[in-house]
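Quick look at what Swiss-Prot annotates:
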type: DOMAIN; residues: 41-277; note: domain 'AB hydrolase-1'
type: SITE; residues: SER118; note: site 'Transition state stabilizer'
type: ACT_SITE; residues: HIS271; note: active site, proton acceptor
Amino acid sequence: MNDVDNPVSLSDLSTSRFAEIQEGDLRLKLHYNDCGSGAETVVMLHGSGPGASGWANFNRNVEPLVAAGYRVVLMDCPGWSKSDPIVCSGSRSELNASALKGLLDAIGLDKVHIIGNSMGGHSAVAFALANPSRVGKLILMGGGTGGPSQFVPMPTEGIKLLQGLYREPTIENLKKMMAVFVFDSSSLTEELYQARLDNMMSRRDHLENFVKSLAINPKQFTDYGPRLGEVTAPALVIWGRDDRFVPMDAGLRLIWGMPNAELHIFNRCGHWAQWEHADKFNRMVLGFLKQSEGSL
């Protein structure tokens, strides 16, 4: 019996895989989770927080997609979780896009839908610009392009706390960051804090390399504003009204620029829409993917 027959069996451990990739000068061992066996594949790309991973970011969203008949691949970006460490001196968005291309080539996937949260959204747009024929649909939450906000001074409150946590990875700093990460921090449990802290501290090399990367290049995420018109894939842009990491005007920039994009804004929602409003998010994503089915 495979995972698509028995979604309850899905877990981080049961779906854990590794792939060696070579994409140009980039040679890396990447970790990913591979769930289900549908004809269409949805790739999920996580954000840049300390201790982040594909599974930690999207564990509330995998089972509904698999149950609906999709194969789901969650890539741990270079420098996170069980993937190889790296110091990034250029565009982190483009590094992750190259890594994704290498992973898709390694596991024999051509065209995919991509869901990207925060950094994952930036990376999804970078991938779509470099590989337009390999993208079905895009779902972007709290990310898609770097660049300044017209709403709030940069860096934002959340990004300052995130960078502080990388430099001083303590449970106190983690709680400070998570308190502004979501709209309602009362939903965060001590178990969640501890799991995230354990993930962070298990890979001190990733934390140190992120700080080194920022010192070399403080602008890790490319501003794709001038090129958004080239992203013609159907795109669903999702934002939290109360996002204190990436302000809502970034979502407006995306739909102004991308010709086939639509925007949904969740009230009472921070930077983690797929977790904070998981049920509504899952229904919305499935509805969007099933419009004009067979686009792959």
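From the backbone N, Cα and C atoms, a Cβ is placed for every residue, glycine too.
In the predicted model, residues of the domain 'AB hydrolase-1' (41-277) average a pLDDT of 97. Cβ neighbours of the residue listed as 'active site, proton acceptor' (same chain, under 8 Å, six or more residues apart in sequence): GLY47, SER118, GLY142, GLY158, PHE181, VAL182, GLY240, ASP243, ARG244, PHE245, VAL246. SER118 (site 'Transition state stabilizer') has a Cβ environment of 27 other Cβ atoms inside 10 Å.
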